[in-house]
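Please read the structure below before turning to the comments.
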Amino acid sequence: MHDPILVINCGSSSIKFALVTADAPAAPRLAGQAERLGGVDARLTGTDARGAAIAEALPGADHEAALTAILSRLEDLRPTAVGHRVVHGGERFTAATRLDAEVLRALEALGELAPLHNPANLAGIRATRRLFPELPQVAVFDTAFHQTLPPKAYRYALPEALYRRHGIRRYGFHGSSHAYVSRRLAALGDRPHGGWLIAHLGNGCSACAVWQGESVDTSMGLTPLEGLVMGTRSGDVDPGLHAHLARRLGWSLERIDRLLNHESGLLGLSGLSHDMRRLEQAAAEHHPGARLAIEVFCYRLAKALAALSCALPRLDGIAFTGGIGEHAPAVRARVVEQLHHFGVRPDAAANAALDGDREGRFDAGQGPRLWVVPTDEEAQIAAETRRLLEGETP
Ligand SMILES: Nc1ncnc2c1ncn2[C@@H]1O[C@H](COP(=O)(O)OP(=O)(O)O)[C@@H](O)[C@H]1O
Ligand SMILES: CC(=O)OP(=O)(O)O
Ligand SMILES: [Mg+2]
């Protein structure tokens, strides 16, 4: 039995980690995050294996220094394997994969398709391999859950050669989260074989249509930029925008990339913040940019959910997850009120009560179910790591 498993999710300036034990899923979990890496205010926060708070300043720490600090928190808890989140698996990596030098080289080549994520994921893998050379390490891909998309959902209306020769197609992301939530809904026994729409709303946001436990369409595409409005990412824009900015304003590709990935979304619309909590406060104080940003965010999400429903033979329910999906009842209310013609009927009091890390239903007992299901990408990554190492088919 491979237990416990250390899960690492390495971002450009943060590392999220958890030590996941299959035997005792309800026990306190050593988990947390190192944030603002590279800065003077870098810090490590979380809870230790006894459930006590961790708060440690790590001034100037880079990824390797932060991982060393995380590892020192393991004390006598020895992980038997490490599961890494890797955002883009491209065409080649369709399931969790044991990491070796050849796989790492192949992953490097995929960096361009997820520039905010894959290079940081790889830095984390390299540092962990140096620190833990004896442990098996596994990559679990955001794209893997969406391997069941049919061609009508994953092909762009572009010449076939671009797909055949260069792998230009829709891949979809946040697969560990969508997989976890759909399995959780099935475990809860709520219409387990039906059609669900899942909205993962964190810093990155994506929605997924799940039929009988399999992803059948999703809002992200070739890269994690397509689809919904996100913290700093634009989501869908007119593809003609790129040529327009280049021709009319003389913008370079790098400048356009920065605009769409780092300066847009909630931040760009509001002119204030990428953070939904901050925007809700500002909107309550009548900040026009914050109000517009929330309005566009909710409308675009409702529109995407309506579109994704076309992938389902039947709509059994909608589930919300991620920081915004779990903690912002006002956002959920605004989204579902724009889906009333699907027969969606929220219970306002039940919705308002689900404002923390709590799982629960907020429909009024008619029409499609409405759920909040806190995501646990770490549990999903640990389970897939364990399954691979134990040689079972994923
Ligand atoms: N109480 C809250 N009310 C509104 N938004 C919240 C609340 N708590 C967290 N959020 C929002 O959740 C988002 C971060 O989601 P999270 O899932 O933690 O991100 P990540 O994608 O980095 O894992 C931010 O926009 C944050 O403002
Ligand atoms: C793929 C993606 O957008 O991930 P995140 O939400 O962690 O940025
Ligand atoms: Mg998260």
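Positions of Cβ are set from backbone N, Cα and C atoms, glycine also.
Caution: TrEMBL annotation is automatic and unverified by curators.
According to TrEMBL, the feature active site, proton donor/acceptor maps to Asp142. As annotated by TrEMBL, Mg(2+) binding site applies to Asn9, Glu377. Marked as ATP binding site by TrEMBL: Lys16, His200, Leu201, Gly202, Asn203, Gly204, Asp275, Met276, Arg277, Gly323, Ile324, Gly325, Glu326, His327. Residues or ranges marked as substrate binding site by TrEMBL: Arg85. Sequence annotations record features per position, and here TrEMBL assigns site 'Transition state stabilizer' to His174, Arg233.
Shown in sequence order, Gly204, Pro224, Leu225, Leu260, Asn261, Ser264, Gly265 are the residues of the chain, 6+ apart in sequence, with a C-beta less than 8 angstroms from the C-beta of Arg233 (site 'Transition state stabilizer'). Under DSSP, Glu377 (Mg(2+) binding site) is assigned to a helix (H, G or I) in the three-state scheme. Looking at Asp142, Asp275, the recorded positions in this record, the fewest other C-beta atoms within 10 angstroms of the C-beta turn up around Asp275.
For the recorded site, His174 (site 'Transition state stabilizer'), the DSSP three-state label reads coil. A simple Cβ count within 10 Å picks out one of the binding-site residues Leu201, Ile324 as the most packed, and that one is Leu201. Residues from the recorded positions list (Asn203, Arg233, Arg277, Ile324) with a C-beta closer than 6 Å to any atom of ligand 1: Asn203, Arg277, Ile324. The two recorded residues, Asp142 (active site, proton donor/acceptor) and Asn203 (ATP binding site), show a Cα separation of 15 Å.
Of all the binding-site residues given, namely Glu326, Glu377, the one with the smallest number of surrounding CB atoms inside 10 A is Glu326. Annotation for Asn9 (Mg(2+) binding site): spatial neighbours Ile15, Lys16, Phe17, His84, Arg85, Asn121, Gly124, Glu377, Glu378, Ile381, criterion Cβ-Cβ under 8 Å with sequence separation of six or more. The sparsest Cβ neighbourhood within 10 Å, among the listed recorded positions (Lys16, Arg85, His174, Arg277), is found at Arg277.
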